[in-house]
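*Asks:* What follows is a single structure, and I will ask about it in a moment.
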Amino acid sequence: MSIKSDKWIRRMAEEHKMIEPFVPDQVRAAEDGRKIVSYGTSSYGYDIRCADEFKIFTNINSTIVDPKNFDEGSFVDFKGDVCIIPPNSFALARTVEYFRIPRTVLTVCLGKSTYARCGIIVNVTPFEPEWEGYVTLEFSNTTPLPAKIYANEGVAQVLFFESDEVCDVSYADRGGKYQGQRGVTLPKT
């Protein structure tokens, strides 16, 4: 299994629509010149952006977080260019990009150091072979202070690994529960 380069990422995005919308280079500044958290194609990965749809954890209903019986009332929906995550709290978002992962590919997604150095941890599970959809992003604010997440800017990097043989059963073959997800998707069992 080998990591894939910027050339491969560009080719797969342009010829097979692996990433839409696709940014072939790394963007480090907004059109007006202000600095942003970078996104787009890097040497051996793709820096994904966060859309402007968020679900922020709240304790209004004082429920227990149960992944088998998740209470949607545990979140407050928010739409905007900047999401403020309360201290020691958590938020969900989704990517701007829609992904179509080839059958021979598995991805690993890692948070960007810009956020990690501020105590904001980004968690995303691997994109499995033949999975497709918008990625649900998980943000943990590990600090005792409120923390900002910027919509339409980079939040994590996706690394693409290609196997030397095709898997017997892909995510699509087994009817994965998050296949084709569109918005911020809550836990399913």
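For all residues, glycine too, the Cβ spot is worked out from N, Cα and C.
Pulled the feature table from Swiss-Prot, pasting it below:
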{"type": "BINDING", "residues": "K112, S113, T114, Y115, A116, R117, T136, L137, E138, Q157, Y171, Q181", "note": "dCTP binding site"}
{"type": "ACT_SITE", "residues": "E138", "note": "active site, proton donor/acceptor"}
*Asks:* Ranked by the number of other Cβ atoms within 10 Å of their own Cβ, which of the binding-site residues T114, T136 ranks first?
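*Replies:* Answer by Cβ density within 10 Å: T136.
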*Asks:* Please list residues from the chain of K112 (dCTP binding site) whose Cβ is under 8 angstroms from its Cβ, counting only those at least six apart in sequence.
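*Replies:* Counting only residues 6 or more apart in sequence, the Cβ neighbours of K112 (dCTP binding site) under 8 Å are V37, S38, D47, V122, G154, V155, A156, Q157.
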*Asks:* Between any two of K112, S113, T114, Y115, A116, R117, T136, L137, E138, Q157, Y171, Q181, the residues recorded as binding dCTP, what is the biggest Cα to Cα distance in Å?
*Replies:* 34
*Asks:* Relative to the Cβ of A116 (dCTP binding site), which residues of the same chain, six or more apart in sequence, are found under 8 Å away?
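*Replies:* Result: V122.
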